[in-house]
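K.L.:
Residues annotated as active site in Swiss-Prot: Asp18. Annotation source Swiss-Prot lists active site, proton acceptor at Asn66. Annotation source Swiss-Prot lists Mg(2+) binding site at Asp18, Glu205. As annotated by Swiss-Prot, substrate binding site applies to 19-23, Arg31, His35, 63-65, Trp67, Arg69, Arg186, 192-194.
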Amino acid sequence: MPTTTRSSIPEHVAIIMDGNGRWAKQRGLPRVMGHRRGVEAVRETVRAAGDCGISYLTLFAFSSENWRRPESEVSDLMGLLKAFIRRDLAELHRENVRVRIIGDRQGLKTDIRSLLEEAEQMTAGNTKLTLVIAFNYGSRDEITRATASIARDVAEGRLSADAITPEMISSRLDTSGMPDPDLIIRTSGEERLSNFLLWQAAYSEFLFVPEYWPDFDRQRFFSAIEQYATRDRRFGALAEQVAVAGA
């Protein structure tokens, strides 16, 4: 467990799970083996997040750009998602974990969409941890869909353009009702957001770790939380102002 105080635990942690393919390549294995080992890292991280009192854990599972990958790899990823939900949903429900899905569901195959909806519906009343799965997700697409929704309301007279605020835009995003991420972790040593939670990351702390996702374990997660606790979050203010506000 992290050695930080409860007040230093982030409410919302988001993770870009990167490096499955490179993990497999290093070991002379097919890429799908990296993805399979990555599922084990997901299970371990979800348990760790629940154990240390995090309220929201968002995992970037499949981006809207991932459809460009070889058809065989996409098929493997879809199969792993279905297997994860079928195998783990009952346990997540028993552990009081709520599942939410963000991303564009239009165009998904019926069986995938039905499984995602089943996971949300079964766990809707759970309160310990909200596990947010970003699937067929791209932040630019999310923002485009949100602003198009607002534009339609303005065009049809339901909304004044003068009434548009950052809070309104946030309410139209897939993450509506969720706090912005306090901490965004990316594995594999890459240092970029890759079209993930661009709007929501305005004041997030970032941690880029060298481990490939299949090697990211419980202790590495706790270490990330401890590193977060050392950060000085100012939200655009001076350090002195933050200190006074927290006094």
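Placed from the backbone N, Cα and C atoms, the Cβ positions cover glycine too.
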K.L.:
Counting only other Cβ atoms and using a 10 Å cut-off, which of the binding-site residues Gly19, Gly21 scores lowest?
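P.N.:
It is Gly21 that, of the binding-site residues Gly19, Gly21, has the fewest other Cβ atoms within 10 Å.
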K.L.:
Mind giving me a neighbour count for Asn66 (active site, proton acceptor)? Other Cβ atoms within 10 Å of its Cβ, every protein chain shown.
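P.N.:
A 10 Å sphere around the Cβ of Asn66 (active site, proton acceptor) contains 16 other Cβ atoms.
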K.L.:
What whole-number Å value do you get for the CA-CA distance of Ser64 (substrate binding site) and Asp18 (active site)?
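P.N.:
Between the Cα atoms of Ser64 (substrate binding site) and Asp18 (active site), the distance comes to 15 Å.
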K.L.:
Could you tell me the C-alpha distance between Leu193 (substrate binding site) and the residue listed as 'active site' in angstrom, no decimals?
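P.N.:
Their Cα atoms are separated by 11 Å.
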K.L.:
How big is the gap, in Å, between the Cα of Trp23 (substrate binding site) and that of Glu205 (Mg(2+) binding site), rounded to a whole number?
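P.N.:
One finds 26 Å between the Cα atoms of these residues.
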K.L.:
To the nearest whole angstrom, what is the C-alpha distance linking Gly21 (substrate binding site) and Glu205 (Mg(2+) binding site)?
P.N.:
26
